[in-house]
Amino acid sequence: KWTRHYCAIADAKLSFSDDIEQTVEEEPPVNTPPTELHFGEKWFHKKVEKRTSAEKLLQEYCAETGGKDGTFLVRESETYPNDYTLSFWRSGRVQHCRIRSTMEGGVMKYYLTDNLMFTSIYALIQHYRETHLRCAEFELRLTDPVPNPNPHESKPWYYDGLSRGEAEDMLMRVPRDGAFLIRRREGTDSYAITFRARGKVKHCRINRDGRHFVLGTSAYFESLVELVSYYEKHALYRKMRLRYPVTPELLERYNMERDINSLYDVSRMYVDPSEINPSMPQRTVKALYDYRAKQSDELSFCRGALIHNVSKEPGGWWKGDYGTRIQQYFPSNYVEDISAVDVEELEKQIIEDNPLGSLCRGILDLNTYNVVKAPQGKNQKPFVFILEPKKQGDPPVEFATDRVEELFEWFQSIREITWKIDTKENNMRYWEKNQSIAIELSDLVVYCKPTSKTKDNLENPDFREIRSFVETKADSVTRQKPNDLLKYNQKALTRIYPKGQRVDSSNYDPFRLWLCGSQMVALNFQTADKYMQMNHALFSLNGRTGYVLQPESMRAEKYDPMPPESQRKILMTLTVKVLGARHLPKTGRSIVCPFVEVEICGAEYDNNKFKTTVVNDNGLSPVWAPTQEKVTFEIYDPNLAFLRFVVYEEDIFSDPNFLAHATYPIKGIKSGYRSVPLKNGYSEDIELASLLVFCEMRPVLESEEELYASCRQLRRRQEELNNQLFLYDTHQNLRNANRDALVREFNVNENQLQLYQEKCNRRLREKRVSNSKFYS
């Protein structure tokens, strides 16, 4: 079975990550013997205890579905071994028919009538679902199968007599997100799924509604097997899919002590002072030499690899964890013990030097391998190349790609490295080869000269130069010298690009860089996240031509991208009411329970957000009360801020899942009632989906600025008092007299703050009245 990994090549070494989750719709079919095909069918009920039990199943199913003639199930015969019984619904009652078996020429045959035999139960049933079954009394074709209500009982992930505590104990021993089991809840006819996600053990109840199994309020499944199959392909909790059924074999393989942190997030109630520093994995060793596994229960690693959780076994062989291989053997003379401090320094060095950063789980030295193509492919993958070790006895490493272009690119890159031992010579040849540029292309390009030696010096900008910064360096410059960077960008160009460790294509926050005037802030367009959506909103201005002028305020002499608090002034208030929505997208099987998050995105002092209440089970036309879902934002710099609506659904774990968004620059918004078209994560229109909102923008006059400044000071003081009161409430040995004084000051400030807020609202109402009189 193939697994997907992030891979990167640098300095003749191939780094790879843990296997990453794949959004595969269907698993490749497994070759099942024809005689066993019926075991996977919903109509096969194995051994039903009594004939009356089969009749009850048919009666209940037909009462619910309308009683269609030909509704059927198949069960093992109670009387005759190797025979089966076909039970079906006809004319309002249940009838039974024996499926006989006989041996012909060493092959088992099955039949209902002597003149027509089949090699399997599956073939027999499929035939009579397409062709009528004829006898003296009736003629009937099999139609709807009655699903087996208990196919889960034969599954390795199901436990019948397991308590909640025992399930937690088992999950704590498996340190893998996606590990799961299903158990029957004690004393009830309901079930629970226990799983591990983000290092924590969680439970979710599965209720019965007639013959259906219900997860949450509206996700219905015919069986627990269907539920597990669905969530193996779709996320159950945040981005976690069911991956590892917790079986006795899996528990024996890990054989670990329970991870109490997965339940309580603490390791012990009391610790020694010497243990306050974060501890590294127990008994970490460093590999002194390369080692290739000779047996399936051994580790393979390169020199310099870190092996964690080492168990020192007698006989010269130890056990440890490396990458995805858990508690497997390796020779003790190939490694050396290292201290926790050394581990921390080495891991930091690996993260800084490795192209995969903290995702790196293993390194292959390409100088020790020969690369070979597999012309016929392998294991259902057409494009495969193999790294064959030069040292005899070492196992090969196989890689597959989805496209022939990728295969050629990786094959060529690795082959060049294996041919060239001298890294310097390799680099020289690479640059010499790529220096030849077509004259026709050169004539079409306007060159900007990149600078590297004086990149950190922002003095004497030259409009013919461009300076490129990795995001970490750019963030450091914006925090230490924001004004210098702004002045430089008024005369020259800067380009910011993501750091190399973002192999998962995540994005950084571009706003601080926009505030400092950076013209080219490169983001990963393939990732649908908040920062990419803000980028789309920014460049929606100017007719989506791709060029946006800086605001006039940024070109002012006294403009400060990061002003101190004393120099900030509120320039605008924005009141938003969320009234309703329509045709919200549906992500899974459940009915959507939406809520809306209204957010102001801008400089740190402008960032603010508000959430509406959750509307239960209504994604078609949810409505919110306008008096409750109303918020007023105070905005300091409306020229560089965005208004962002994000629609989420609340799942069965009360976690938000993204549904749609709409992001706009503040200066592109008009007051009044607005129908806001919603977009998906990639800022593409969602057909018919929209929000109904009311927006009102009001500039703050100079005469009102003092009032708003007083409100801000009171809010800050209230926060300080609240923190101090919390300290008194949690430490009873502090003096009560001081606490009483703080309470009195807190209540006085609260009343004063309410008066200021009412005064602001009154002025706003007066302005509305005066405007309406003017227009009337």
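Just so it is clear, glycine is given a Cβ too, placed from its N, Cα and C backbone atoms.
Look at TrEMBL and you will find 43-146 (among others) tagged as domain 'SH2'.
Positions annotated as domain 'SH2' by TrEMBL: 157-246 (among others). Averaged across the domain 'SH2' (157-246), pLDDT in this predicted model comes to 85.
The domain 'SH3' annotation in TrEMBL covers 280-340.
TrEMBL lists 441-555 with the feature domain 'PI-PLC Y-box'.
Per TrEMBL, the feature domain 'C2' maps to 549-680.
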Does the chain bring the domain 'SH2' (157-246) near the domain 'PI-PLC Y-box' (441-555), so that three or more CB pairs sit under 8 Å (pairs 6 or more apart in sequence)? no
With DSSP, how much of the domain 'PI-PLC Y-box' (441-555) is helix, how much strand and how much coil, in residues? 43 helix, 15 strand, 57 coil
